[in-house]
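Below is one structure; the comments refer to it alone.
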Amino acid sequence: MKHFSVKACAKINLGLLITSRRADGYHTLETIFAPIDWFDTLEFTESDAISMECSNLDLLVDDSNLCIRAAKALQEHTGVKRGATIKLLKRVPFGAGLGGGSSDAAATLNALCKLWQIDVPSAELHKLAVKLGADVPYFLEMKGLAYAAGIGEELEDLNLALPWHVVTVFPEVQVPTAWAYKNFHRQFERPVPDLKTLVRRLCHERDISVFGVFENDFASVVFEHYPVVREVRDALAASGAQFVSLSGSGSAVYALYEGRADAVKAAEAMSARFRINMTPAGFRME
């Protein structure tokens, strides 16, 4: 196959607890990743060299782009001499904490293995993914909810999907991840709840009393410094949602709804000012 297209879905974080800062400067964390049906589309065509086009002119398509980096890393690892033209239809906002760039990189690794007809062991692909970014392994390997630890690369498939409708709102501001890590309020010395057990209670028993445990350590500093993000949080909290949270380091905020009608109403209200996505209950990546 010399040409095909793939979807690259975004994610939200159900809880994000920063547990330590390593000697190399990276922070360790615990979180639950959940996919949402907000996706980019990537087209791959075999060619002599690696090149890229993007529908969003604000996104660089040079060697700093994660898709280009993924393609060249795979080339170098396997010795493949072929190239590819990558066309990215960018829908997922960047600087939003939704993992769009990481998802695009994971899609590139998987797609180029298929395009170039190469069989790379999953453990080797995982190592390439980790070098590209902490969220890349999730998009490479998982379909539904997953527990993540380490810098995000230690994954456990929970074999679950969220039983709530998800409305995700992009407040039209970008939060630099490096800034968020530099400024969040550190609380390393504290007990960390068992997120895996709690998310199973949420999904199997609909025990919404445990929602309060799923805190995001970036939330307070992001809401403090970005009033529009706080405004979105407050509007969603007043819309009948069962849970509202920042995703990743922001700026996107999501809300979970038991009923589809409430989710649709909230999505319509927020779409007058912001880019939004609504994901149905039970969603899993293809």
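Just so you know, the numbers here start at 1 and follow the chain as drawn.
Here the Cβ of each residue, glycine as well, is placed from N, Cα and C on the backbone.
Annotation source Swiss-Prot lists active site at Lys11 (among others). Reduced to three states, the DSSP call for Lys11 (active site) is strand.
The annotation active site is assigned in Swiss-Prot to Asp135 (among others) on the grounds of sequence analysis. Asp135 (active site): 27 other CB atoms within 10 A of its CB, across all protein chains. Under DSSP, Asp135 (active site) is assigned to coil, being neither helix nor strand in the three-state scheme.
Residues or ranges marked as ATP binding site in Swiss-Prot: Pro93, Phe94, Gly95, Ala96, Gly97, Leu98, Gly99, Gly100, Gly101, Ser102, Ser103. A C-beta separation below 8 Å, combined with a sequence spacing of at least six in one chain, links Ser103 (ATP binding site) to Ala8, Cys9, Ala10, Lys11, Phe39, Asp40, Val92, Asp135, Phe139. Following the DSSP three-state reduction, the secondary structure of Ser103 (ATP binding site) is helix.
Shown in sequence order, Ala10, Val92, Gly248 are the same-chain residues outside Pro93, Phe94, Gly95, Ala96, Gly97, Leu98, Gly99, Gly100, Gly101, Ser102, Ser103 whose Cβ sits within 8 Å of the Cβ centre of the ATP site.
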